[in-house]
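One structure is given here, and the rest of the page talks about it.
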Amino acid sequence: MLSENEIKILDFLKRRKESTSQEIAEGTGLPLSSVFSIIATLESKGIVKVISEETRKVVRLTDEGKLRTEQGLPEDRLVTLLNGRPLKIQELRNALGKDFEIGFGWARRKGLITLENDTVIPKVSQYVSPEYTALKDLQAGKEPTGEVLEILLRRKLVEVKEEKMLRVQLLREVETRPAELYVTHEMLTTGSWREYEFKPYNVEANPPFFPIGKTHYFRDFIEKVKDLMVGLGFVEVSGDFVETEFFNFDMLFQPQDHPAREIHDSFVIEGKGNLPGSDLVRKVKEVHEKWWRYSWSEDNARRLVLRSQTTAVTARVLSGAPKRIRAFTIGKVFRPDSIDATHLIEFHQMDGLVIEEDFTFRDLLSTLRDIFQGLGVKQVKFKPGYFPFTEPSVEVYGFIEGLGWVEMAGAGLLRKEVTEPAGVFSPAGAWGIGIDRLAMLFLGVKDIRDLYSLDIEYLRSRRVI
Amino acid sequence: MPTINLNKWILQDMTGLNEQELVDYLFKLKSEVSPVSQDEYSIEVNADRLDMLSLGGIVRALKGITGKELGEPSYPVKDTDYVLEVEKVASRPYALACVIYNVKLSPDFYLKELIQFQEKLHDTIGRRRKKVAIGIHDLEKVEGKIIRYAPVSLSTTFIPLNQEREMSVRDVLQETPQGKQYGNISVWDSNSPAIMDERGILSVPPVINSDRTKITGNTKSLLIDVTGTNFESVMETMDLLATALAELGGIIGRVKVRGMSVDRSPVLRHTSVPFSLDDVNKRLGIHVSRDEAINLIRMMRMEVETNKDLAVIVPPYRVDIMNYTDVAEDIAMAYGYDRFTLESGRTASRGSLSEKSEIYRKLRTLLVGAGFQEVYTLVLTKSSYQRGEAVNIANPISVEYDSVRNSLLWNSLVFLSNNQHSRFPVRIFEIGDVVNRDDSKDTKYSNSTRLSMAIMDSRVSYEMLQAPLHEVLLNLLGVAPSYRRFESDIFMKGRSAEVVVKGETIGRLGEANPELLRSFGLLYPVLLAELDLDALRRVM
C-alpha cells in the first residue's frame, strides 16, 4: 500500500530512473523535507536506492529577500517614485514608510540622488539595481556569485545554507494506483473500488470527542431503590413539596410547640392552606390536647411549609383510611441547614407504610432487613429509638466496610394517636430512609453536592459500573 | 437529640460496668456513648427519656437493664415545714418547690452534673425556659420557711447570680446575658415573676437566681423551685429532679403548697397504664409469658399491678409512658431488639411503580438514545433567576436558594452557564418536579412534572432540537406532534413554537433570547424546550 505522495515520487522516478532529491522536490512540488522522509520510506520498502549523499552550500532568499523580490529594493522604488522630479523628503517618507531610510541611504551612496535642503533631486530617471536582478535570477534558479553575492549577504537579502542532496535510483517498477479516502456508493455499484488504493487510517490515534447520551448516576440509584421496593410488593405513591403543617407535623403527633417545629427547622411559605373537611382534624386536635396538654391551634396547622419529611406523604395516604396497603414514596424534603460536603438543604427520603391486620414489630424489622439487604447492606442492627409518631420505634444501623456501623433509617409502628384519628385501626409500620447518604456510600461520592453536580464533564467522566 | 457529659469513673463505679458494657447496654436504652476525654463520656439520649438526662436516671436505668435492681426504687421522702405560697402570676401561673437533703455536690463533677441536668430540662420539656424553668438554691442560705411565688415590680433589687452588686430586675433583664436571652418571656405590665424568701428575691424565673443562695461544693441541702406555663410539665419536671437526686442518695423533702391544685410538692405522681399481654405480644410479634413480661417491665424500673388485669404503675420519672404501645416498646427494649427472629418475604402483594415513574423511565431511555446527557439539579433556586409567579421561602438561609423552581428552564440555563468551557456540544435533559400555583389544592400549590431539553454549541439552529424532540415524542406516543408559532420573551422572535399533541399544548421550544442568555451569563447560543409531563399524560 502506497501513499499518495509515494506514488507521486515513483511516477516522477519512472521517467528518469535516477534523480536527485532536489529535482524530485521541484518535479513533484513536494517540500524538500517531505521528499527526504518519503525516500527513506521507499528505501525501507526496497523500491528505491540512495546512491550517494552529499552536502552542498546553497544560496536561499531570506524573508526580507523574498519581500524585496516581490516589491523591489527600496532605492529602486525611491527612484521610481521621483520619476525624474525633485520631491520633498516628507513626501517620500510618507510614501515609503520605514523603507525610506534604507532607500534614501542606498540611493545617495550609489549617487542616484542629491539632497538640497529638504528636497531630493534625482540624478537618473529610472533605475534597476543589480541586487534586484540577482534576486530575480536566484528565484529563477540561478545562484549569484562574487561581488553581488557579497552585497546581497551584507544586506541580509540572502543566506548561505548547507543542504543535503540525495541521489536516488529506482530499483523496481511498482504498480501505482490512484489513492482514495472514501469508498463510495458509486464505487460499490460499478465495482470500480478495485481500481483504487484506499488510504490507511491512523487507527491508533485517539479519536475526537464524541458526546454520548447518558443517564444520571444518582437517578439510576434512585430507580434501583424503586425497583427493590416494587419487588418487595410496594406500590409507589407521591406527594407535593408544599405541604400544610397539618400533614407535615400535626397528623404525625408532633405537638405544635415541639422543638422540631420551630421556624428555623423548616422552610416557611407565605399563606395558609385548608384543612381536610372530615372529622380527622377534630380527632387530631383531641389527641394532641389529651396527651401533650396544650391548646391546639387550627391556624398553626394551616401554615404552609416545604415538607421536611416524606412522612407527610405517608400522612396523606393514611388520611384516606386504607384498610390494607404497602406503599412507598421517594422524594425531596427540605430543611434549613448549613451547606457543606455532607449537608444540603434538600435531600431525598424513602418513606414506606404497611397497613396489615396482623402486622407486627417483628414484621417491620424483617421488612427493614429485607430492604437493606436488597440495597446491598448485608448486616443490620436495630437500636431502640424515639419518634413522636411511632411506638415502638427503631433506628436501623447498617455495616459498611471501612466505615463501621452507619445510621440508615428511622422506623416504628405508628402510634394509635396517629392512625386512629385517620380511621385506621390495623397495625401500621412506617419508616424513613435518607437516600442521599446511602447513595454517597454506594456510589463512592465524598461530597453530597456532587449528587447534583452542575459540571457536565464530571457527569461525562463518571463510569457507570 | 440531647447530649450529656458524664464522668467515666463515677459512672463505671456506680453501675459496676466496664466501657464496652456501658456502650452495649446504653445502646439498648436508645442511647449512644462516645468517650470525649480520658475522664468523660458524652452520651446521646433520646428526647423522650428525660429521666436519662441525669446521672441518677442513667444509673437507675442501667441497674434495671442489667438486672441488678428491678422495679421502682423506694426513695426516702419526708414532710418539711417549708411552705410555698403561690400568688397570681398571669404570665407564668404555675409553681412548685421541693427540698432535697443529703445531696452530694462535691467533688466538682456532681455540681456540674446537676447544673447540666437543669439546663437539659430547660431545653427539652422546658422549651428553652418558655414552658418550664428551674431554680436551684442552697437551702441553708434560704431565710425563713415561707417561700412566695409572686409578681414583683421591675424596680425591685437583688444581687443576681455571680454579680457583685445589687441590681434592679429591670437592669438584670437589660444588662445580663441571661436577661437579654430570656427576659422577655414572662415580663408583663412592668412586673416579673419572682420566687422570694423572707429576705427577698431568690430567683426571677425564667431568667436568673440570686447570688445569695448560690449552690457550691459545700452545699448539703437544696431548695428547688420550678415555674411554668403548664402545670403538668411543671409537676413532671419537679418529679424528674427529685427522683434523680434521690437515686444519688438525696432525701426528698415535701413542701406544703398553697394556691395550686396540689397541696404537697413534689407530687411524685404515679399513673396506672393497663395493658393486655396479648395486645403487646401481637404488636411485637413475639411470645413472652406473663411472668416474663412482668420481669421485663421491672427491668425498665417500673412496677406492675397484677391483681386483676395487668397494669404498669408508671413511676414519677417515666413521663413518656402514655398507653400500652409505650409499654410494648419498653418490653421490647428489655427483651432486646437483637433477639427478634426475622423472616423474609412474608408478602404476597404485588408492587408497582407510579405512572409518573413509568413515563420517566421511557422518556429517559429515548432521550439518552437521542444523545442527551441527563442532569439532576436542585429544586430550590434563586428567585431572581425565575420568571412568572413562584413560591418564595419566607425564611431562606441563602439568596441562592430563596425560592422553589417554577420551571426547569432556569435550572438548565444555570447548568449550561456553568459549562461554557466544557467540550461542545452540550446536550442535556432533566425530568423533575416544579411547583406552581394551583387553587384546586388544599395547599394552593401543586407539583408539576416537567421535561427540559437544552443544546448549547458554537452554532445552533431550531431543528437541532426540534428533530430529536419530535422523534422522542413520536416514539413515546405513536403520534407526531405539531408545532404552532408562539412568541415569548424567553425565545428569539420568530424562532419558537408550542408543541401540540391531539390539540393540546404540551410544551414549547425555540432558540433562547440573547437577553435571557445575558442574564444567565451565557456567551453561546442555546436551544431550549420544556414539556409538561402531566399534560402529556393526559393526551396519552
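Just so you know, glycine gets a Cβ as well, placed from its N, Cα and C.
The Mg(2+) binding site feature in Swiss-Prot is assigned to B:Asp320, B:Asp326, B:Glu329, B:Asp330; the stated evidence is sequence analysis. The domain 'B5' annotation in Swiss-Prot covers B:268-342.
Positions of Swiss-Prot features highlighted on the structure.
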residue  : record              : contacts (Cβ under 8 Å, 6+ apart)
B:Asp320 : Mg(2+) binding site : B:Asp48, B:Arg49, B:Leu50, B:Asp326
B:Glu329 : Mg(2+) binding site : none
B:Asp330 : Mg(2+) binding site : B:Leu296, B:Ile297, B:Met300, B:Met302, B:Ile321
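DSSP assigns B:Asp320 (Mg(2+) binding site) to coil, not to a helix or a strand. The DSSP secondary structure for B:Asp330 (Mg(2+) binding site) is helix. Secondary structure of the domain 'B5' (B:268-342), assigned with DSSP and counted as helix (H, G, I), strand (E, B) and coil, comes to 33 helix, 11 strand, 31 coil.
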